[in-house]
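I have a structure I would like to understand better, so I am pasting it below and will then ask my questions one at a time.
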């Protein structure tokens with residue numbers, strides 16, 4: 001059969017990395033990315049890009065750990081290469097602090113990040129309102145550079161990218177053999193997924209080059225993540241809010257909360273506000289599906305619903321989605337062979 005044509009819907013971190021994994025694992029395929037938004041206008045561009053996993057309640061921990069480990073290993077190799085600066089990937093050390101000792105003093109990902117340990121008493125003196133803490137080194141992606149780096153790699157392999165809003169998966173049936181749905185929050189409308197809901201996040205990006213260490217409150221709401229050029233201050237987790245308009249009261253609240261963890265941020269300059277909608281589900285939708293309409297079939301692979309944890313597991317879930325695409329290609333070849341007989 002001719003090279004199978006694969007359409008990937010979505011050009012955020014999940015769509016781009018899934019397309020790249022398909023190219024790497026199914027080199028005989030022809031991959032096209034279709035999206036109504038590309039960087040710097042995707043939801044992924046708003047993300048802080050810190051590799052600290054979010055837990056999915058309906059997914060086995062060993063699966064989540066595998067996704068995280070594959071992502072960490074992949075990005076760690078880039079951070080040690082000449083491409084680290086262009087890709088916006090760097091190591092950052094810091095602390096996660098808690099007002100009371102958490103049930104889980106050793107999270108499932110503690111042996112994947114580097115140098116994980118409980119904080120010492122002298123270290124905790126920096127955070128007088130917190131009683132327990134964890135120190136470790138992890139990776140941070142500066143999102144717009146990373147997305148552009150992924151796009152550049154895809155274009156070098158011959159992947160086509162088109163600005164196109166897909167309203168219905170079936171509109172692609174005549175053009176493509178397999179459709180990969182990485183539409184993020186757009187899947188709510190595209191495939192009518194009622195289990196998918198937005199969690200609104202508002203963050204600030206500030207100029208504070210003296211801040212070198214990340215600080216994250218254990219509740220996950222307040223965080224300070226230094227990037228290569230700017231520091232991301234957060235944040236909010238507003239379930240079922242679709243608003244993309246910055247809220248000035250929220251901006252003040254985020255700034256005050258972050259200053260309570262790092263007083264020197266009072267001197268931060270050039271505050272920019274960004275808002276994104278995390279595409280959230282109780283579990284990532286990562287599966288094959290065969291749609292059927294009037295005797296016509298459409299092979300679909302879904303990879304969306306990563307919520308707050310997308311950057312932490314993007315490479316791991318992309319590899320799994322690419323494996324599922326490989327299964328679809330094998331099924332197509334099998335039916336093609338039977339048709340010849």
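We count from 1, first residue shown onward.
Backbone N, Cα and C atoms are what each Cβ position is placed from, and that goes for glycine too.
Straight from TrEMBL, here's the annotation block:
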type    : residues : note
SIGNAL  : 1-19     : signal peptide
DOMAIN  : 5-324    : domain 'FAD dependent oxidoreductase'
BINDING : 166      : FAD binding site
BINDING : 223, 278 : D-dopa binding site
Quick one: Cα separation, residue 223 (D-dopa binding site) versus residue 166 (FAD binding site), in Å?
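Per the Cα atoms, residue 223 (D-dopa binding site) and residue 166 (FAD binding site) stand 35 Å apart.
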Counting across all protein chains shown, how many other Cβ atoms sit within 10 Å of the Cβ of the residue listed as 'FAD binding site'?
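The Cβ of the residue listed as 'FAD binding site' has 19 Cβ neighbours within 10 Å.
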Return the average pLDDT for the domain 'FAD dependent oxidoreductase' (5-324) as a whole number.
97
Within 10 Å of the Cβ of residue 223 (D-dopa binding site), how many other Cβ atoms are there?
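24, counting other Cβ atoms within 10 Å of residue 223 (D-dopa binding site).
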Using C-alpha atoms only, work out the spacing between residue 278 (D-dopa binding site) and the residue listed as 'FAD binding site' and round it to an integer in Å.
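About 20 Å separates the two Cα atoms.
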Report, as a single number, how many Cβ atoms besides its own are within 10 Å of the Cβ of residue 278 (D-dopa binding site).
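Excluding its own Cβ, residue 278 (D-dopa binding site) sees 24 Cβ atoms within 10 Å.
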